[in-house]
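For reference, TrEMBL has these:
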TRANSMEM  B:50-73  transmembrane segment
TRANSMEM  B:85-104  transmembrane segment
TRANSMEM  B:130-154  transmembrane segment
TRANSMEM  B:166-190  transmembrane segment
TRANSMEM  B:196-215  transmembrane segment
TRANSMEM  B:260-281  transmembrane segment
Amino acid sequence: MKASPTTCFATERLTKRFPRVTALNDLTVSAGPGVTGLVGANGAGKSTLIKILLGLQPPTSGSASVLGMDSGTHGMEIRRAVGYMPEHDCLPPDISATEFVVHMAQMSGLPRIAARERAADTLRHVGLDEERYRPMGGYSTGMKQRVKLAQALVHDPRLVFLDEPTNGLDPQGRDDMLALIRRIGTEFGISVVVTSHLLGELERVCDHVIVIDGGRLLRSSAIREFTQVSQTIAVEVEEGLEPLAARLAGAGETVAVQGRTLTVQVAADADPGRTYDAVRDAVCDLSLNLIRLEQRRGRIEDVFKEPAA
Amino acid sequence: MTTEPTAVIHDIGYRHYDGPRLGRGNATMALAVQSLRGTFGLGRAIRAKIMPLLLIAIMFMPVVVSIGVMAVAKERILPYPQYMVFMQAVIAVFLAAQSPYLVAPDLRFRVLPLYLSRPLTVTDYVVAKLSALTVALFLLTAVPLTVMFIGELLVDLPGGARTGDYLASIGGSVVSAVLLASIGVVLASLTPRRGLGVASVIAFYMFTAAVSGMFNGILSSTGHDSLAPWALLLNPFFLTDAVQSGLFGTDPSVGDGYPAGLWTCLILLAEVAVAVSGILLRYRKAAA
């Protein structure tokens with residue numbers, strides 16, 4: 001794996017005003033290596049932030065840097081070291097994915113032979129098989145998203161910006177894309193900045209989440225801090241929910257019955273294993289048929305319910 | 001009975017790229033070469049190859065006839081410097097068909113942001129596309145001219161080959177390729193739709209050709225003989241012919257003479273400058 005720099009990107013009092021709207025307002029934030037989620041509603045300023053980081057738009061005031069390089073003055077060096085997957089469609093329909101990705105690799109400065117090898121490798125990694133030789137006009141949304149991802153990865157960047165990669169995908173396609181993003185961040189060793197307006201999906205793949213709203217920073221913290229606050233266990237058994245609840249309550253656990261499900265609070269300060277053991281022992285002792293036992297984490301949505309800091 | 005597997009697929013996982021990373025210049029060159037190949041239909045579907053091949057075939061027809069006449073009747077019928085004006089409609093169709101191909105899809109399918117998120121700049125992109133079309137137009141006229149010259153050398157007519165005329169016509173090819181490419185790209189880049197681009201380039205050619213002929217006719221019939229040649233310069237092909245005539249002293253292909261060479265050169269340079277700045281402005285805006 002490559003040596004990762006300590007910061008993936010950082011902004012300092014970054015403001016971007018357009019004639020009619022302020023896209024980013026005094027934003028100071030930074031993200032380390034790994035997978036960083038950039039969350040916000042549509043129009044929160046996510047795409048503008050990416051464009052400024054790529055050095056494609058100058059900020060109105062403030063500064064931004066990527067991999068330790070200033071995006072105002074070192075745009076070219078940044079663009080050499082990063083990959084970008086735009087939110088919108090960007091694939092010409094009459095050429096094949098292979099030709100397109102080879103061409104984009106060459107545009108990143110790879111020699112032709114290396115571009116061919118990398119394109120084949122990358123398309124295989126994103127999961128495009130024989131269809132990569134067909135014109136892209138006939139592709140499904142899922143396949144198009146994979147090609148868009150491949151062109152962002154083909155030159156082996158140190159960091160990729162993925163703008164709404166799960167847009168328009170069905171649940172299965174969404175899961176596949178998220179798994180792929182996780183692999184890019186871990187197995188490929190490439191830092192990822194991924195945007196989404198769907199908060200729930202990012203907690204599955206990110207190490208760190210930045211929430212922006214109306215161009216302002218709402219929250220920036222490691223994913224554990226988002227989710228450890230209210231950890232609960234959901235238990236479902238075939239019959240005998242009431243005795244189980246009574247038994248666990250008797251053992252000193254905080255339980256609540258929600259329909260057919262029993263939720264057990266895991267105290268933040270205590271050893272979490274104790275609660276799991278208690279549930280297991282209680283189910284065993286009562287000879288119940290366990291249907292479901294799962295960890296429930298607090299949702300990122302909750303940050304929007306908290307008053308903005 | 002089972003046999004031992006002879007080949008096993010290994011998942012070798014993700015591999016990093018440690019090879020060379022070339023600069024902007026190489027990327028620009030790669031884009032220009034890919035675009036140039038595309039204008040002749042290379043690396044594209046069969047359908048896209050038909051038009052360029054047909055036009056190249058038409059471009060060679062007068063060459064074949066000229067060489068045939070030189071060989072059989074021992075006569076020189078087609079002066080090199082007039083070839084471009086003679087073939088102007090064919091060159092205009094090539095320009096109209098290929099300049100939208102070069103720029104429209106990148107705008108329509110929004111591929112441009114992918115180029116610009118790489119080390120390539122807007123200017124590199126424009127330079128690559130313009131040089132691809134310039135070289136394509138140059139090859140379209142210079143190759144037939146050169147074949148005709150080789151033919152003349154082989155036929156070896158008494159009085160020697162017209163080397164000076166041939167070289168002048170090659171110079172004219174360069175001038176016309178630069179002018180036509182910048183006009184073609186600026187018109188085609190105004191619309192993301194290829195069909196509209198084709199229509200606007202061909203309409204531009206027909207309009208300028210008609211207007212220049214009409215004004216020239218009106219001015220000379222009303223006795224404004226000194227103004228009439230200026231009207232001809234509205235047609236880009238007559239303008240390049242005038243520049244060729246001014247720079248290399250060749251005979252004008254139409255009329256009795258063009259305005260002084262210095263003026264025609266200045267007009268041509270101004271047209272190229274306006275077109276190229278139009279393209280750059282257009283792309284600065286498209287990139288934002």
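Numbering starts at 1 and runs along the chain as displayed.
Glycine too: its Cβ is placed from the backbone N, Cα and C atoms.
Predicted automatically and left uncurated, TrEMBL annotations should be read as such.
When Cβ-Cβ distances under 8 Å to the transmembrane segment (B:85-104) are tallied for each of B:130-154, B:166-190, B:260-281, the top count falls to B:166-190. The listed stretches are B:50-73, B:130-154, B:166-190, B:196-215; of these, B:166-190 has the most Cβ pairs under 8 Å to the transmembrane segment (B:260-281). Same-chain residues lying 6+ beyond the ends of the transmembrane segment (B:166-190) with a Cβ under 8 Å from its Cβ atoms: 80-81, 83-84, 91, 95-96, 98-100, 102-104, 107, 126, 129-130, 133-138, 141-142, 145-146, 149, 197, 200-201, 204, 236-237, 239-241, 243-244, 247-250, 268, 271-272, 275-276, 278-279, 282-283.
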